[in-house]
Amino acid sequence: MSSSIDLLKLIAEKGADSQSAQDIVDNQVAQQLSAQIEYAKRSKKINVRNKLSIEEADAFRDRYGGAFDLNLTQQYHAPHSLAGALRVAEHYDCLDSFPPEDPVIDFGGSWWHHFSRRDKRVHSCCPVLGVRDAARHEERMCRMRKILQESDDFDEVPNFCLNRAQDCDVQADWAICIHGGYDMGFQGLCDAMHSHGVRVLRGTVMFDGAMLFDREGFLPLLKCHWQRDGSGADEVIKFDFENESTLSYIHGWQDLGSFFTESVHCIDGTTYLLEREMLKCNIMTYKIIATNLRCPRETLRHCVWFEDISKYVGVSIPEDWSLNRWKCVRVAKTTVREVEEIAFRCFKESKEWTENMKAVASILSAKSSTVIINGQAIMAGERLDIEDYHLVAFALTLNLYQKYEKLTALRDGMEWKGWCHHFKTRFWWGGDSSRAKVGWLRTLASRFPLLRLDSYADSFKFLTRLSNVEEFEQDSVPISRLRTFWTEEDLFDRLEHEVQTAKTKRSKKKAKVPPAAEIPQEEFHDAPESSSPESVSDDVKPVTDVVPDAEVSVEVPTDPRGISRHGAMKEFVRYCKRLHNNSESNLRHLWDISGGRGSEIANKSIFETYHRIDDMVNVHLANGNWLYPKKYDYTVGYNEHGLGPKHADETYIVDKTCACSNLRDIAEASAKVSVPTCDISMVDGVAGCGKTTAIKDAFRMGEDLIVTANRKSAEDVRMALFPDTYNSKVALDVVRTADSAIMHGVPSCHRLLVDEAGLLHYGQLLVVAALSKCSQVLAFGDTEQISFKSRDAGFKLLHGNLQYDRRDVVHKTYRCPQDVIAAVNLLKRKCGNRDTKYQSWTSESKVSRSLTKRRITSGLQVTIDPNRTYLTMTQADKAALQTRAKDFPVSKDWIDGHIKTVHEAQGISVDNVTLVRLKSTKCDLFKHEEYCLVALTRHKKSFEYCFNGELAGDLIFNCVK
C-alpha cells in the first residue's frame, strides 16, 4: 500500500524532531531549524530542576510526557514546585497551537520567559497592578543583566509593555494567557482580544468544580487551599499554598467564576466563544475563539462536575446561631443513613427533645469516627468539624421529628373523616398529607413566599440531596446585536489569501541560502514568578546528548513517505532515551533514599523489600562482596557518579535494567542514520502459517540479511537455516537481532528479511534498513497479533506500528487445530472485528479438538508437566508459576524456557499449552483481542485454560467451549 501523507498537515500537527537538529541540517541554529522544519510540541525539551514527589512527577509526566521531552533532575527544593513546572510546560503547550512565524500576545505573562528563549515574536502585556508586579519586573531586570554578562548572543530588547491588555495597541491574531485571567475574567479577556484583534486565545487557570458549591476547598496535586470570602461584587477567592511561606494570591470571584459559568460574549460585531478543553493536575486549559461569521442563534450548554460529591448529603444548620441564616454542611451519606436508621428505632416522642438529641449525637459521633466493614471497625471515618458537630446532631434530631409528624399525618389522612375532610385533603391539598397540621396560614405562606414561614421546625428542609454536576445553559448572542459580518465569500477570500501568502514565503526561503552557524550551547533556566531563579529550568534548544560524528550528514526528506519515516526514526531515538533516563532516574531515587554516599550506604535495610519483590535488585560493596548472593550478571551499575560500567572496588546498586543497558548506545547509533528509501513489503499471515519456513525458502545466501525482534526468534531462524552449524560465525552474521544490528552494525545486503516485524518499532526497522543499505525490506508477521508496546506509560507512540508499501495476506495455518479456527472467529466477532483476515482462514491440522478449560482455586492445583508450556497474562502469575515449578523435578533452564507471559510467547510453536489465570481481579489483558489471539494460537495438539474465579469480559473463557 502506497503512503499518502499530507506534508503540510504532517508538519503542522506532528512535525519532525528538533531534538536532533544536527541529524537534519548540520550546523544550523535551532531557531532556523524550527522555522524550516516544524514547531511541534514534541520538539521541546524541558529540564525541571525542582524536587518533585513521586506523585507529582507521575502527574507531570501524565499531563505533558507525550508532548515534551521531560527531564526531571530533582536538584532543588522550590515553593509550589509542581505549579512552577506546569506553568513552564503550559507556555509551550499553548504557543504550539499557533503558526510558528506569526506574532503572539501574552496577556499578563512574564517577558523574561520569552526573552531568555529568544522568542522575539511574543509581545507580553505586563501591567503593574501592585507591589508584587513591580518587584517581579525588578527581578527580571536582574536576570536579564546576568544573562547579558554571561552570553554575547543576546542583543535584542525584550518585547513587552506595562499597559493593561485592554489598553495595549499591539496587533496579533493569536494570544496566550497563562494564569493571567484571574483578574480579567472571561469578558475582560474578550475586551483585550478585541483591542488586539486576536482571533484565538489559549490559556490556563486553576480549577476546582467545588468552587461553585463550597466556600473553601483543597487542590491536592498543587497543595493549594482556596477560600471564598465576602459576598456580591466584593467577594474574593484566596489561594494559599500548603506548608509554604510564599505570598498567597487574592482574586475577584466574579472574574474567576466567569470561566465556569459563561460561554459566550459579544463586542460590536464579533462573537467570542469560550471552550473548556482539559482538566489535569487541578488546572483547566481553555480557549476563546472570535468569529464574525453569520450564525444562527443556539443554546450553549456545559456542565461542571464535582468529584465524589454524590457520596455526601447536605445538612442545613444555622449560621452564627441565627434563625435567618443557614448554611449547608456536607456529611457522608453512609453516616446520615446509619444515624437515621438507628435513631429512628430508638426515637421516643414522650422524651424531652434534648434526650432524643443526645441519642442522635451519640450515634453520630460513633458513626462519623469509624467505618464498619464485615463487622469490624477497620478504618477511620470522616470526622465532623468541632463547630458543626452539635448543630448537625440538632438538625438530624429535628429532621426525625419532622418524619414522625409526617408519618402520623399520613396515617391520619388515610382514615375516613367525612366528605369535607376528603375534599380538603384529596382535592384542595392534592393529597399532600404534610399540610394537615400546618394550618391555613402555612398553606398560604407556601404559595406566597413573602410571608417567609419556611424557616420553622415543621416546614424547614434539613436534608438535601447533592448533585455531582452543575449545569449551565446560555443563549448565543442574538442576531440583532451583530452589526457586521463576514459573508461566506469573505471566508473563502481569507483562505485563498493564506495559501498565497504561504507560497510567497516559501519562494523567498528557497531563494535565500541560510548562513551556517553553530548551535548555541548555553542553557537558560526559568523559574516560576514566586520562586528562586534556580528552581525550574526549561530548555528549548535541541538535545546535545547525542552528537553525530563530523563526517556524518543526515539528509532531510521532503517527500511525504520520507517525512513519515523520519518522524518514526526520531520517535524511536526519543523512546530509547526515555527508557534509559527512566532507568537512571529509578536507580538515582533508590540510591538517594538508601542514603548512598561514596562507598557507604546508610540504610541497607531498605533493599530487603526491593530484593524480596525483585531479586535482581542488589548492592555491590566496595570490598567486592554483594549484599545478597549474586544470581545474575550485570553490565552497568549506579552510584553518585551516575549509571555506567563500574570497578570491582566501587559501591553501586543494580536492578534488572543493569543486566543489559544498551538503550543509550542504540539511541546514539540510530540518531546518526539517514532515512532509507527502500520499499517495504509485508507478508501478513495468520498464526501458524509457516512464516519461519517462508523465510527459510526466501533466503538467498550472500544477498539477504535476516533480522528478528528478539534473541529467541533469532535462534529459531538459525536452527532452521543452519541446523548443524547454528552457532557458526556465518549463522551469527546473517541472522541478527535488531538491537545487535544497530549497536554493532551489519553488512550491506540487497534484501532485508524481518521476522515478527510487528514486535519492532517502525523506526527501529527503518534504522536497520538504513544500516544495511538494502533496496527492499520483506517483513513477516501478523498485524493482528501483539504489536510493539511502549514500556513507558507516559510516552505516547505515534509511529509504533509498521507502515508498508505492499501487503500480501496468507490465510492458511499449518499449526492450529480445527477448533481453534472456530474459537478465533468467535473471538473476532465478540471484539467487533468484521474486517479481519481470520474470517476466512483455514487449517491443515489433523487435530479436530484441542481446547479445554478447568476451574482452579489456587496455583497449587496446577500440575507442572515437562511436556507442556505454561503461559500467563501477567508477570505476577508467571512468578507464581515459577515458584510452583520448583516443587517438581524440572531444571531452571526448563522453567525459563517453558513458563512465559503471552507477550513473551508470541512467535513460538509448541505441542501443548496451559494458560493460567490465578486471580479474578481486574485484568484488561483478557479483554484485549491481540493478547487472546496469541494465547489461543501457540499450540499444535492441546490447550488448557486454568482459571480462578469469574472475570468480567474474559474473552478466553467465552471462546473456549
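Note that Cβ sites are derived from N, Cα and C of the backbone, with glycine treated the same way.
According to Swiss-Prot, the features are:
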BINDING   Gly685, Val686, Ala687, Gly688, Cys689, Gly690, Lys691, Thr692  ATP binding site
COMPBIAS  503-512  compositional bias 'Basic residues'
DOMAIN    71-260  domain 'Alphavirus-like MT'
DOMAIN    655-810  domain '(+)RNA virus helicase ATP-binding'
DOMAIN    811-961  domain '(+)RNA virus helicase C-terminal'
REGION    48-380  region 'Methyltransferase'
REGION    392-409  region 'Membrane association'
REGION    503-541  region 'Disordered'
REGION    682-946  region 'ATP-dependent helicase'
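A map of Swiss-Prot features onto the structure.
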residue	record	contacts (Cβ under 8 Å, 6+ apart)
Gly685	ATP binding site	Lys691, Ala694, Phe780, Gly781, Asp782, Val809, Val810
Val686	ATP binding site	Asp782, Val810, His811, Lys812, Thr813, Lys837, Tyr838, Trp841
Ala687	ATP binding site	Asp782, Gln785, Thr813, Arg815, Cys816, Leu933, Val934, Thr937, Arg938
Gly688	ATP binding site	Thr813, Tyr814, Arg815, Cys816, Ser843, Ser909, Thr937
Cys689	ATP binding site	Val810, His811, Lys812, Thr813, Tyr814
Gly690	ATP binding site	Tyr814
Thr692	ATP binding site	Asp716, Val717, Ala720, Asp755
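If you take every residue in the region 'Methyltransferase' (48-380) and average the pLDDT, you get 80.
Of all the Cβ atoms in the protein chains shown, 22 others lie within 10 Å of the Cβ of Lys691 (ATP binding site). Taken residue by residue, the region 'Membrane association' (392-409) breaks down under DSSP into 18 helix, 0 strand, 0 coil. Under the three-state DSSP scheme, Gly685 (ATP binding site) falls in the strand class. The DSSP secondary structure for Gly690 (ATP binding site) is coil.
Those same-chain residues not listed among Gly685, Val686, Ala687, Gly688, Cys689, Gly690, Lys691, Thr692 yet with C-beta within 8 angstroms of the centroid of the ATP site C-beta atoms are Ala694, Asp782, Val810, Thr813, Tyr814, Arg815.
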